[in-house]
């Protein structure tokens, strides 16, 4: 029974995998919308590829057998209308869902908590500005990559950190992102989050994480020699576990 349960359980892919050609599994409505938009656009592109391939094949196959001397025809108004209107319609079909999703991803909906993210060369600092510890100080900590020689069994190379961001599941979370030195980028693929961290500027993005788990990301803006050593690790837990973790800070 235990083996059957493991087989039937859903195992989500929340980390990069070698030679992967697809996306990581979504954990937020924003990422679900991104995946759906990608699938729709891919469908349109495959239809266009098939149509153009069929036209080229038909033209090359029947051109020599065509009895009509089209070399003296200067223009064809009907076909010119078709190849102007058809691409315009396809672009509109792709553009409208893209614009809607773009604005939805930028919208911050009544956040229940805020996490401030500050990028440094080459680590992240996190501040829970809504909470204070027993000393009356804001809950904050720095997050560094775990070196290869200190990795334990089960930890991921270039992805695991010494401390991780802990947030509750099914909660509207706002990330306020900035940087202290150069431009960084706070990106977690499974959450559909990718926002620039610019010195002197505050950018914000919201997330409603719908399942528990550990989600990994990386700095996605070239920021110097240690750019590849800025992983992001977010642990999503139940509200009870989150409050217990918060009391320990």
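The backbone N, Cα and C atoms fix where each Cβ goes, glycine too.
The range from 19-39, 40-60 that Swiss-Prot describes as transmembrane segment is residues 40-60. Apart from 184, 219, 223, 230, the Cu cation A1 site neighbourhood in this chain, defined by C-beta within 8 angstroms of the site C-beta centre, holds 119, 121, 122, 185, 197, 218, 220, 221, 227. Of the listed binding-site residues, namely 219, 223, 230, the sparsest Cβ surroundings within 10 Å are found at 223. Packing against the transmembrane segment (81-101) from elsewhere in the chain are residues 30, 33-34, 37, 40-41, 44, 48: each is 6 or more residues past its ends and has a CB under 8 Å from a CB in it. Note: the CA-CA distance between residue 184 (Cu cation A1 binding site) and residue 221 (Cu cation A2 binding site) rounds to 5 Å.
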